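Student: Next up is a structure, given as structure tokens.
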Amino acid sequence: MFFLLALLTELGRLQAHVGSEGIFLHVTVPRKILSNDSEVSERKMIYIITIDGQPYTLHLRKQSFLPQNFLVYTYNEAGSLHSESPYFMMHCHYQGYAAEFPNSFVTLSICSGLRGFLQFENVSYGIEPLESSARFEHIIYQMKNNDPNVSILAENYSHIWQKDQSYKVPLNSQKKNLSKLLPQYLEIYIIVEKALYDYMGSEMMAVTQKIVQVIGLVNTMFTQFRLTVTLSSLELWSNENQISTSGDADDILQRFLAWKRDYLILRPHDIAYLLVYRKHPKYVGATFPGTICNESYDAGIAMYPDAIDLEGFSVIIAQLLGLNVGLTYDDITQCFCLRATCIMNHEAMSARGIKIFSNCSMHDYRYFVSKFEAKCLQKLSNLQPLHQNQPVCGNGILESNEECDCGNKKECQFKKCCDYNTCKLKGSVKCGSGPCCTSKCELSIVGTPCRKSVDPECDFTEYCNGTSSDCVPDTYALNGHLCKLGTAYCYNGQCQTTDNQCAKIFGKGAQGAPFACFKEVNSLHETSENCGFKNSQPLPCERKDVLCGKLACVQPHKNAYKSDIQYTVYSYIQDHVCVSIATGSSMRSDGTDNAYVADGTMCGPEMYCVNKTCRKVHLTGYNCNTTTKCKGKGICNNFGNCQCFPGHKPPDCKFQFGSPGGSIDDGNFQKSDEFYTEKGYNAHWNNWFILSFYIVLPFFIIFTIVIFKRNEIRKLCNRENTELIHPLYQKAMMWNINIAQNFRSK
């Protein structure tokens with residue numbers, strides 16, 4: 001009788017506080033398979049559970065998404081902020097799969113019993129401990145959402161991103177044009193408003209447990225991108241909301257963005273989300289797509305409808321974060337997910353079973369991070385050592401236990417080298433995927449270009465290193481290096497000038513405007529002219545920051561600007577027609593607003609723009625001096641090493657006859673006391689031979705012609721002399737003969 005009462009109480013709690021429409025299936029006692037290796041057993045675990053009488057073997061691997069400094073913030077009745085560190089929750093999160101269903105995902109917390117999700121091909125289960133049980137009993141229930149019947153995103157925020165689709169690429173584009181996905185980390189700061197706090201249990205640890213569970217599932221989804229979603233901290237508005245949460249999602253977003261700028265400035269995060277409970281919301285969220293690293297727009301609102309459970313809510317957050325990192329919603333006629341629901345599908349929040357990102361999402365993300373480097377995602381992780389997750393064969397990413405991964409059947413370009421079903425190499429081939437793998441399944445030789453330079457002064461070509469089928473990480477000049485004859489600075493691999501920025505927006509011929517235009521445009525208290533926002537109000541630039549606020553351009557033709565810019569502002573100042581665009585009317589794909597001067601643009605002697613302020617240039621991040629470290633024969637790159645000029649050998653740019661230059665980071669370097677690389681040495685000897693041949697040959701031809709002409713002239717002169725002397729010689733001979741004859745006659 002007591003057991004039945006406890007079971008009914010537990011089901012009532014699930015129904016009331018999780019929003020689940022789950023169907024109770026079974027009570028199970030999970031059985032842990034012990035390992036003799038204590039270190040391995042801490043990283044990997046195996047549990048056996050039963051669902052409806054059928055045993056399932058869960059292979060789990062430790063999942064790290066809570067940083068060491070993770071805190072939970074709450075407010076007391078007096079409005080004072082307090083923080084706690086739930087340290088016990090930080091080391092008990094795992095993800096994996098069920099051996100009986102290889103195409104499955106399992107995300108569990110084992111802090112106090114097993115709690116989490118089991119996603120099979122077309123069904124999802126939730127598992128939670130039966131807290132009143134003394135026999136480690138758990139309940140397993142089938143997850144089932146009602147259709148929330150709400151729109152995905154507020155229109156006036158989704159359209160901002162759609163005006164600039166330059167980041168989109170055709171689905172049949174070559175993978176070799178996309179850089180390899182390196183491990184990246186996205187820090188999300190979560191705030192739970194009062195209504196959702198009450199809906200989830202109205203108790204700090206219970207709500208914290210549910211939010212951590214949701215982010216754990218979101219992190220599992222993003223492992224496809226090698227992107228770890230970390231919950232930097234959690235804030236609970238347990239007594240009262242700090243801002244009004246009335247109105248639609250887009251209205252709340254504006255208020256939240258203003259509040260965030262004032263109160264979260266010292267708390268580390270890449271993006272902050274406010275989670276709001278709304279029984280029947282018009283939209284499930286609002287955010288600024290493609291703005292993950294833009295401090296002016298790094299926020300979002302996620303609505304929790306009454307009709308969904310924690311799994312469905314995790315999909316909503318994953319979709320919103322997907323928009324932040326450059327994804328778009330899937331076109332079901334072109335995008336597919338093998339035996340799974342596509343996360344960026346509009347129906348995903350109510351679907352059951354395993355969910356993955358589609359081929360379209362993979363292309364969107366790979367292109368976004370390769371062309372518009374999301375620098376904030378490339379920081380060092382503050383996590384405990386993150387153990388490798390289960391590899392996903394066919395996602396185009398070479399992961400642990402994979403010999404190759406050329407994508408799915410449609411994408412794979414190395415079918416004779418790599419088995420796209422098993423991600424194993426065929427036969428004795430050397431490689432089966434990557435830009436440094438040849439069509440003959442061999443590694444490209446050292447020095448083969450694999451990523452071309454996109455800026456002649458600030459970005460460098462990368463080469464295959466001869467040991468990997470992947471291209472080395474991108475190398476470029478350290479931020480602050482002078483370019484364009486000392487009139488501009490390199491920043492994130494580009495020579496940043498207002499002329500280049502204006503030409504990209506308004507077309508060929510457009511240039512950066514004179515100072516008078518910048519001064520006028522950035523000194524007014526209007527929504528279209530400002531140096532950022534504070535409390536949702538436009539912020540005029542200080543005089544020192546005038547050249548770092550709104551971008552001002554001049555152009556030769558009035559209507560020369562590109563058609564995708566719909567909001568253009570004209571000003572007539574000191575005989576100049578100054579042109580700018582309204583804030584938010586055109587977003588760069590790296591998350592910054594085209595309306596503003598790009599970071600790294602020169603704003604004075606040894607000064608450049610950073611986040612709309614003019615700052616002193618510092619070659620930050622590394623102790624690299626071109627004069628001492630590179631001996632004046634190279635420049636510093638983004639890894640703090642010397643990028644040597646041709647004829648000088650890295651790492652310290654010593655003179656080396658025949659060296660192509662470069663750095664130890666660009667892939668074309670091979671340690672040797674004598675030569676840079678055999679290929680580079682031989683190649684440059686060949687180049688010198690060819691160059692010498694083409695230099696000497698013309699001189700040889702000219703010399704031969706001169707000698708030939710000189711001989712011709714000499715012969716001609718001799719013939720002329722002979723012709724002049726010969727008649728006189730004949731007369732002299734005749735005279736001598738006549739004398740002789742006369743002498744004889746006498």
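From the backbone N, Cα and C atoms, a Cβ is placed for every residue, glycine too.
For reference, Swiss-Prot lists these features for the protein:
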DISULFID  Cys293-Cys376  disulfide bond
DISULFID  Cys335-Cys360  disulfide bond
DISULFID  Cys337-Cys342  disulfide bond
DISULFID  Cys450-Cys471  disulfide bond
DISULFID  Cys624-Cys636  disulfide bond
DISULFID  Cys630-Cys642  disulfide bond
DISULFID  Cys644-Cys653  disulfide bond
DOMAIN    184-381  domain 'Peptidase M12B'
DOMAIN    390-479  domain 'Disintegrin'
DOMAIN    620-654  domain 'EGF-like'
CARBOHYD  Asn36  N-linked glycosylation site
CARBOHYD  Asn122  N-linked glycosylation site
CARBOHYD  Asn149  N-linked glycosylation site
CARBOHYD  Asn156  N-linked glycosylation site
CARBOHYD  Asn177  N-linked glycosylation site
CARBOHYD  Asn294  N-linked glycosylation site
CARBOHYD  Asn359  N-linked glycosylation site
CARBOHYD  Asn465  N-linked glycosylation site
CARBOHYD  Asn611  N-linked glycosylation site
CARBOHYD  Asn625  N-linked glycosylation site
SIGNAL    1-16  signal peptide
TOPO_DOM  177-687  topological domain 'Extracellular'
TOPO_DOM  709-746  topological domain 'Cytoplasmic'
Student: In terms of DSSP three-state secondary structure, what is the assignment for Cys644 (disulfide bond)?
Tutor: strand
Student: Could you check the disulfide-bonded residues Cys471, Cys644 and say which one's CB has the most other CB atoms within 10 Å?
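Tutor: Output for this query is Cys644.
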Student: Measuring C-alpha to C-alpha, could you say which of the disulfide-bonded residues Cys335, Cys337, Cys360, Cys471, Cys642 are within 10 Å of Asn465 (N-linked glycosylation site)?
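Tutor: Close disulfide-bonded residues: Cys471.
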Student: To what whole number does the mean pLDDT across the domain 'Disintegrin' (390-479) round?
Tutor: 88
Student: Work out the three-state DSSP category of Asn359 (N-linked glycosylation site).
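Tutor: DSSP assigns Asn359 (N-linked glycosylation site) to helix.
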Student: Which recorded positions (Asn359, Cys450, Asn625) fall within 10 Å of Cys335 (disulfide bond) by Cα distance?
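Tutor: Close recorded positions: Asn359.
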Student: If one measures from the C-alpha of Cys630 (disulfide bond) to the C-alpha of Cys653 (disulfide bond), what distance in angstrom results, rounded to a whole number?
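Tutor: Rounded to a whole number, the Cα-Cα distance is 5 Å.
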Student: Restricting the comparison to the recorded positions Asn122, Cys293, Cys450, Asn625, Cys642, which residue's C-alpha is spatially nearest the C-alpha of Cys653 (disulfide bond)?
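Tutor: Nearest in space to Cys653 (disulfide bond), counting only the recorded positions, is Cys642.
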Student: If you count other C-beta atoms within 10 angstroms, which of the disulfide-bonded residues Cys335, Cys624, Cys642 is the most crowded?
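Tutor: Output for this query is Cys642.
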Student: Quick check for the class: what is the C-alpha distance, in angstrom and rounded, between Cys293 (disulfide bond) and Cys450 (disulfide bond)?
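Tutor: Distance between the two Cα atoms comes out at 27 Å.
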Student: Please report how many Å separate the Cα atom of Cys642 (disulfide bond) from that of Cys376 (disulfide bond), as a whole number.
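Tutor: If we compare the Cα positions of Cys642 (disulfide bond) and Cys376 (disulfide bond), the gap is 24 Å.
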Student: Between Cys644 (disulfide bond) and Cys450 (disulfide bond), find the distance joining the two CA atoms and give it rounded to the nearest Å.
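Tutor: A Cα-Cα distance of 19 Å.
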Student: Minimum Cβ neighbour count within 10 Å among the glycosylation sites Asn465, Asn625: which residue?
Tutor: Asn625
Student: Relative to the Cα of Cys342 (disulfide bond), which of the disulfide-bonded residues Cys376, Cys450, Cys636 has the closest Cα?
Tutor: Cys376
Student: Pull out the recorded positions from the set Asn294, Cys360, Asn611 whose C-alpha sits within 10 Å of the C-alpha of Cys636 (disulfide bond).
Tutor: none
